[in-house]
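Now, the feature entries from TrEMBL:
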TRANSMEM  20-40  transmembrane segment
TRANSMEM  52-81  transmembrane segment
TRANSMEM  101-120  transmembrane segment
TRANSMEM  140-158  transmembrane segment
TRANSMEM  170-192  transmembrane segment
TRANSMEM  198-216  transmembrane segment
TRANSMEM  237-263  transmembrane segment
TRANSMEM  275-297  transmembrane segment
TRANSMEM  318-342  transmembrane segment
TRANSMEM  354-379  transmembrane segment
TRANSMEM  391-414  transmembrane segment
TRANSMEM  420-439  transmembrane segment
Amino acid sequence: MAAQSRNIAELENASVWRLLIQYSLPSIAGMVVYSLYNIIDSVFIGHGVGPLALSGLAVTFPIMNLTFALGTLVGIGGAAISSIRLGRKDQEGTERTLGNVLIMSLIAAVVLVIPTLLFLTEILTAFGASGQTLTYAYDFMLITLLGLPVTYVFFNLNHVMRATGYPKKAMGSTLLSVGINIILAPIFIFWFKWGITGAAVATLLAQVVGMVRVLLHFSDAASTVHFRHGIWQLRKTIVTGILSIGMAPCLVNVCGSAVTVAINRQLADHGGDLAIGAYGIINRILILFAMLVIGLTQGMQPIIGYNHGAMKPGRVLLTLKYGVLAGTSFTTLGFLACVFFPRGIAGLFTDDASLISLAANGLIICVLAFPLIGSQIIIGNFFQAIGKARLAIFLSLTRQMLFLLPFLLVLPRFWGQDGVWASLPLADVLSFIVTLLFIRRFLKYYRLKNRHYLVPGTGKA
């Protein structure tokens with residue numbers, strides 16, 4: 001109990017900057033390591049199977065986005081509700097949230113897996129698979145879908161572990177899983193000659209180990225939040241709370257799936273299978289740097305959620321300020337790396353000269369406005385963490401549906417492949433302007449509403 005009280009007291013009283021480092025570094029490492037799942041698969045597949053296999057893998061991205069969307073709906077929402085209830089000293093409610101997250105994870109997996117498996121060939125063909133890439137895409141997705149219950153339980157409970165005061169332990173689970181994947185993937189691909197199927201099997205087995213470790217944590221009565229009798233019944237208030245908060249990141253990924261389909265279809269028309277493979281490489285790199293920011297938001301979430309619940313708005317605003325600065329730094333780093341070393345980055349995934357050239361050219365164009373992405377992700381997740389689900393959802397949809405998708409439908413008609421790549425930075429600039437307008441208006445309202453909890457003239461607690 002002393003350790004539990006210490007974790008909670010830190011969220012309320014410790015230096016915000018120290019807390020942000022303490023909570024964000026493990027979650028950043030965890031999200032980067034999570035993105036390495038995809039990068040490792042792509043690197044081994046590109047060198048061990050070939051460029052068409054990379055294209056087949058890229059065709060699976062829309063389905064992967066959908067699976068990730070449904071997972072974040074439960075995991076991110078459950079983590080936010082857990083930290084808010086913990087901030088209100090609602091131990092029973094926090095543990096009921098844990099039980100609901102586990103049950104909802106299993107339900108979500110079944111709901112998604114069954115129809116997708118039944119129509120997998122048709123779905124992949126609609127998403128851009130050709131006669132040369134369909135087999136690769138099908139083999140990879142078959143294993144991935146069959147293992148989805150494991151994936152959801154592992155990652156969603158890991159979110160709750162981080163949100164309830166165990167960021168280092170959550171990072172450890174992810175690191176362990178990725179380490180096993182790094183060991184198994186080359187064995188299955190190169191030694192066993194399983195090809196793209198071997199990459200999927202390696203990832204699944206690694207996630208099984210991570211899931212077991214997370215389940216053991218929540219089975220321990222010494223944990224701040226743990227399994228116990230009476231937490232397994234789905235509660236309407238908990239389920240609706242999880243879904244309302246998790247809806248924003250869910251919709252981002254659903255829209256991301258629609259956008260990826262549009263990208264794949266346009267690239268198929270204006271460049272063929274290799275152009276889709278180039279996007280597969282670009283996508284992996286952009287996700288890696290975005291994961292730095294998403295990891296930061298996961299570290300911010302328990303700090304913001306707890307202090308919002310505890311009526312400490314000064315600490316909430318300070319966390320947001322530090323988060324925006326750090327997030328912008330991360331995406332600026334990604335911009336610089338991609339602009340100065342595009343061919344070297346693309347060469348990590350393949351030896352094919354044509355594919356490297358296509359990917360390098362696209363990478364430079366895609367990141368032209370990438371420094372602006374960091375603050376957008378931070379602000380969107382800030383609204384999510386304080387329970388402003390509708391605003392978070394609106395901002396999440398703005399970039400993908402209001403700007404990016406229309407650009408993808410129009411620009412390639414004039415600029416071909418470059419029109420596909422140029423759609424991304426143009427959408428980034430416009431959505432940044434919208435986000436900036438909303439956060440300025442909200443902060444004025446938030447400071448006024450909470451003026452009794454802030455030091456006069458400072459906007460601080």
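Every residue, even glycine, has its Cβ placed from backbone N, Cα and C.
Model, not experiment: these values are computed from the prediction.
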Proximity verdict for the transmembrane segment (140-158) and the transmembrane segment (354-379), three or more C-beta pairs under 8 Å: no
Folded-back contacts onto the transmembrane segment (237-263), same chain, C-beta under 8 angstroms, at least six residues removed: 61-63, 65-66, 68-70, 72-78, 80-81, 93, 96-97, 100-101, 104, 126-128, 279, 283, 380-381, 383-384, 387, 389, 392-393, 395-397, 400-401, 404-405, 408-409, 420
Residues from the same chain, set at least six apart from the ends of the transmembrane segment (354-379), whose C-beta lies under 8 A from its own: 51, 54, 271, 274-275, 277-279, 281-282, 285-286, 289-290, 293-294, 296-297, 300, 320, 323-324, 326-332, 334-335, 338-339, 342-343, 345-347, 395, 399, 417-418, 420-422, 424-426, 428-429, 431-432, 435-436, 438-439
Same-chain residue ranges lying at least 6 outside the transmembrane segment (170-192) that approach it to Cβ under 8 Å: 26-27, 29-30, 33-34, 36-37, 40-41, 44-45, 48-49, 154, 158-159, 161-162, 198-199, 201-203, 205-207, 209-210, 213-214, 217
Stretch among 20-40, 391-414, 420-439 sharing the most Cβ pairs under 8 Å with the transmembrane segment (198-216): 20-40
When counting Cβ pairs under 8 Å to the transmembrane segment (52-81), the leader among 20-40, 275-297, 391-414: 275-297
CB contact flag for the transmembrane segment (318-342) and the transmembrane segment (20-40), at least three pairs under 8 A: yes
For the transmembrane segment (275-297), sequence-distant contacts whose Cβ falls under 8 Å of one of its Cβ atoms, 6 or more beyond its ends: 24, 27-32, 34-36, 38-39, 42, 46, 51-52, 54-55, 57-59, 61, 128, 133, 260, 263-264, 267-268, 323, 326-327, 330-331, 333-334, 337-338, 345-346, 349-350, 355, 358-359, 362-363, 366-367, 370, 373-374, 377-378, 381-382, 385, 417, 420
